[in-house]
Amino acid sequence: MAEAATGFLEQLKSCIVWSWTYLWTVWFFIVLFLVYILRVPLKINDNLSTVSMFLNTLTPKFYVALTGTSSLISGLILIFEWWYFRKYGTSFIEQVSVSHLRPLLGGVDNNSSNNSNSSNGDSDSNRQSVSECKVWRNPLNLFRGAEYNRYTWVTGREPLTYYDMNLSAQDHQTFFTCDSDHLRPADAIMQKAWRERNPQARISAAHEALEINEIRSRVEVPLIASSTIWEIKLLPKCATAYILLAEEEATTIAEAEKLFKQALKAGDGCYRRSQQLQHHGSQYEAQHRRDTNVLVYIKRRLAMCARRLGRTREAVKMMRDLMKEFPLLSMFNIHENLLEALLELQAYADVQAVLAKYDDISLPKSATICYTAALLKARAVSDKFSPEAASRRGLSTAEMNAVEAIHRAVEFNPHVPKYLLEMKSLILPPEHILKRGDSEAIAYAFFHLAHWKRVEGALNLLHCTWEGTFRMIPYPLEKGHLFYPYPICTETADRELLPSFHEVSVYPKKELPFFILFTAGLCSFTAMLALLTHQFPELMGVFAKAMIDIFCSAEFRHWNCKSIFMRVEDELEIPPAPQSQHFQN
């Protein structure tokens with residue numbers, strides 16, 4: 001019974017919806033019928049005669065003024081549309097049409113079923129889009145005190161944004177703190193230091209934490225009833241305090257390396273103690289996880305110090321040992337540091353071995369992986385590559401593989417080639433990057449430009465082939481070729497990560513909507529007609545009459561511009577030009 005009632009209600013609802021769909025036609029005919037019935041009381045014929053008389057008495061100046069007013073309004077609309085597009089990246093009228101007019105016309109109802117049906121199929125791509133818009137820690141980030149601050153002293157510009165430094169503060173609190181820090185005075189001070197915005201306050205807090213560790217605890221041990229002896233015991237050092245001083249206070253890489261070595265001694269001792277106690281409870285497990293992060297960070301930065309100071313082989317050994325000791329800590333992306341160091345040594349076979357392990361479909365990609373793979377394939381053919389010869393004989397198999405690798409890399413991050421080809425100036429890379437964005441391109445090119453220059457002909461091959469990628473993906477925001485569609489969020493995130501004096505690279509280039517171009521053309525054409533009509537009213541009237549006659553004629557397709565001007569000359573009765581005196585007898 002209930003099912004029958006439900007079915008009846010559904011049928012009644014569908015009938016009402018159907019009736020409202022076609023009810024407007026009934027109302028239209030009713031209005032026409034009322035107008036016809038009331039034509040005499042409303043004096044419709046008299047009103048129409050008055051309107052026609054008014055239109056006949058209008059002078060051409062009125063139409064010129066009307067045209068000029070419409071041109072002015074069109075110009076104001078154009079200026080507003082251009083401002084709205086520059087600020088928000090979309091057309092105001094198109095947005096209003098899609099957001100407000102389309103639901104009124106039933107567009108949302110038609111698409112809602114399709115969206116609900118395809119929601120499960122698009123869930124993977126949505127998750128991928130969110131992951132691609134995630135901000136990552138730059139594995140090759142510079143030292144604040146020894147590199148970023150020196151740049152500020154020389155140029156007076158701040159290379160890091162507040163948003164970037166705030167993300168670093170959050171990373172430090174995640175990696176270097178735990179819930180049991182309040183039990184140790186030095187760690188409690190450092191927990192507050194990582195939250196400080198003022199660099200001097202952070203440095204002062206780090207020194208305070210080290211001074212607390214220098215306090216010696218004295219324990220009385222009675223040896224004889226009449227005498228005592230004082231046993232001196234040192235508290236463990238605070239490794240995170242040394243990390244902060246090495247990152248922000250040290251003005252050279254050598255000073256930073258000394259502080260990191262002191263941090264390594266303290267961090268290694270804390271790591272060994274917490275490793276023995278990690279199974280005694282969740283508190284000890286969290287402390288061991290924190291000590292592991294501290295130790296890995298210190299060793300990685302020591303390897304980067306060795307790389308900066310020219311001890312590249314030592315840096316490679318330290319990175320390999322670190323990856324063997326902690327294979328599961330992929331959050332630091334140490335393999336990207338290793339790839340850069342191996343390229344500096346020109347150990348291309350080792351680079352290929354690392355790529356074979358990390359250039360996997362199940363692992364997240366990066367510009368370092370994609371462009372390093374392209375560099376290795378370009379290295380095999382770049383020294384003999386010639387675009388003229390390739391156009392004559394075609395590409396060989398090796399050249400085709402190199403071109404495909406370049407296209408793959410450019411599709412992943414299309415901003416990198418402009419920096420490698422020095423079409424855009426480089427700046428210091430930020431501490432955080434957005435994969436496939438301009439920030440990642442800067443971070444990659446800053447360290448790898450020298451490696452591309454070292455391979456003969458590699459930049460030439462890149463210059464000849466990188467733009468061909470865009471022909472394969474004409475709509476990169478909707479569909480990709482080898483990767484997911486290019487994320488829309490990169491421009492906004494890069495503007496937050498990169499300093500204001502840098503011009504952020506935007507992909508794909510935003511083109512003006514058709515409505516803005518159409519409005520601009522219509523406004524210009526109308527204004528030109530108004531000006532010509534005001535200056536030459538008789539000529540424009542004759543020209544308009546000739547155009548109307550031509551458009552109304554059945555032989556319009558046989559007319560051309562010459563025929564139009566001949567018709568205008570006939571209307572104006574322009575006499576023929578006098579014959580030149582040189583041809584008179």
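Placement of Cβ uses the backbone N, Cα and C atoms for every residue, glycine included.
Copied from Swiss-Prot, the annotated features are:
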type	residues	note
TRANSMEM	15-35	transmembrane segment
CARBOHYD	ASN47	N-linked glycosylation site
TRANSMEM	62-82	transmembrane segment
MOD_RES	SER386	phosphoserine
TRANSMEM	512-532	transmembrane segment
What whole-number Å value do you get for the CA-CA distance of SER386 (phosphoserine) and ASN47 (N-linked glycosylation site)?
80
Taking 10 A as the limit, how many CB atoms besides its own sit near the CB of SER386 (phosphoserine)?
13
At a 10 Å cut-off from the C-beta of the residue listed as 'N-linked glycosylation site', count the other C-beta atoms across all protein chains.
10
